[in-house]
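> Structure in structure tokens, see below.
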Amino acid sequence: MTENVNSSGDSAIKSEDKEEVTVIQEGQAKVGFHGPVFYNPVQEFNRDLTVTVLRQFSADHQKWAEEQKQLKTEEEPPKKKNKLAINEDGKIRILDALSASGLRALRFSKEVPNVGFIMANDFSDNAVASIQENVKLNGVEDIVEAHFGDAVMTMMEHRGIDKRFHAVDLDPYGTASTFLDSAVQCVADRGILMVTCTDMAVLCGNTPEACYNKYDAVTTRMKCCHEVGLRILLRAIDSAANRYTRYIEPLVSISVDFYVRVFVRVHTGAFQAKQSGTKVGTVLVCSGCHSMEPLVLLKRGEGNQQSKYSIPTVRHSISGPGNRCIHCLLPLHQIGPIYLAPIHSKPFVTSLLERLKSTPEAERLGTHGRLQGVLTMVNEELDDVLYYEHNQMANVVKVSVPKSQSVRSAILNAGFKVSGSHCNPRAIKTNAPMHLLWDIYRQVAKDTSVDREKRLAKESAGYHILGQPITNTVNFTLHPGAIEQAKKENLVRFQCNKGKNWGPRQKAKGSVNSTKAGFQLTEHKE
């Protein structure tokens, strides 16, 4: 078998039967294509992010495993050691459950240190054959195993404590909801589960009935829909884990391009799993002015009552008479349930950034600049639930859109926190109350002499908002914290997505729809 470079810049392999195979290199891995195997070059950022996260996870796991070995005694039962997934060599096991060409598995084997075994699984004969060829092409036969099987069945076969994986990657075409139940069972304690979903129309509220069927939640179209989608997915994963006395710790949650991607650590513990009810809830959303208020499902007792939980008393801050918004008097909607706890681990994200900054230029990944920019924004994000768009709020009251720095400064000068969001370049994420936010725009309207009687219809949301008095002192003086660090450093924060072939690619022919996974089996060709 010989390899040559073709006119397009890719490589071409000519096998003994004279068949030409296109070879593409990404990172340190090469993959050859000559059949209907799914590959999307636009997802290079997704794969680079996964490699970066796994490198940090592997380093953390090795350090933790060494600490556990030092604490280990001769009388310690082996069952506990198996539960914690401590290998004698400290190496990790990875499952690429929907492997397609095997590119992810190959990159993990060549770019992530301390990896002992990788299972590259797929339910397509063509894909498995391609994985086997690519494993040989990259010379990683001692690490990567091509495996034919339904992803759900494969994960269920590895739910035993001594068979679990330290890292499980789910990157399906569309939703990952059908794989979550089996995935949370086959991850080792303190292991990492990495999940992608590309059904953004569902997660962003275009079809609430489909969202309910897939994720057991409902939502509507709103400016912060991408963060809502992330929180819906996290809640679905945590709910699946809770059934097995497990719970999740979100490490990084990203919404970019045409998909959401979450990295969560899976823990085991009945006491902590019960606390999940305090981390989820619904959100009241105004149909007029878009004001929001999260409502937690359960509250935990205090003092000696911490083991007891109760349903909290309903105290709405934006709901008035007739279940209408107190700011604009228009109806309220309720979305959820969603995950209300923090969706990022700031110490983990800081470690990722330090790793990226210390990487020599010659060893940097293909999307290094974008990784640094997005993770810097993530690290600056407040943990407060959801965000507003400053231009949307200005549009409600029909005033000229103020500069984002001016709005941020007014919030900071009032003594509250504010940040942007990696999901949206116009996002305002803050812990300030809604009345202060509307006071800011009432002040803008006052400064620009906006006449609500002439500019706004009397039944509109903006008319009612401008009719209320300003009760807070609004100071637009530039605050030092109003400019984001990522912007100061001129980092790549938001990618232009309108290039050729951008978006999810067509599903490979012969692949099995996720809705049929586990319900039909075909004879595998050995």
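Glycine is no exception: its Cβ is also placed from the backbone N, Cα and C atoms.
Quick paste of what Swiss-Prot says about this protein:
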BINDING   R47, R104, D122  S-adenosyl-L-methionine binding site
BINDING   C286, C289, C325, C328  Zn(2+) binding site
COMPBIAS  1-10  compositional bias 'Polar residues'
DOMAIN    22-441  domain 'Trm1 methyltransferase'
REGION    1-20  region 'Disordered'
REGION    498-526  region 'Disordered'
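What's the neighbourhood like for each of these?
Every protein chain considered, the tally of other Cβ atoms within 10 Å of the Cβ of D122 (S-adenosyl-L-methionine binding site) stands at 30.
Of all the Cβ atoms in the protein chains shown, 26 others lie within 10 Å of the Cβ of C289 (Zn(2+) binding site).
Over the domain 'Trm1 methyltransferase' (22-441), the average per-residue pLDDT in this prediction is 93.
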> Expressed to the nearest Å, what is the distance separating D122 (S-adenosyl-L-methionine binding site) and C289 (Zn(2+) binding site) at their Cα atoms?
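Rounded to the nearest whole number, the Cα-Cα distance is 47 Å.
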> Around C286 (Zn(2+) binding site), how many other CB atoms lie within 10 A of its CB?
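A count of 24.
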> Output, ordered by sequence, the same-chain residues six or more apart from R104 (S-adenosyl-L-methionine binding site) with a CB under 8 Å from its CB, or 'none'.
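Expected: R47, T50, D96, A120, D169, D171.
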> What number of additional C-beta atoms lies within 10 angstroms of the C-beta atom of C325 (Zn(2+) binding site)?
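A count of 26.
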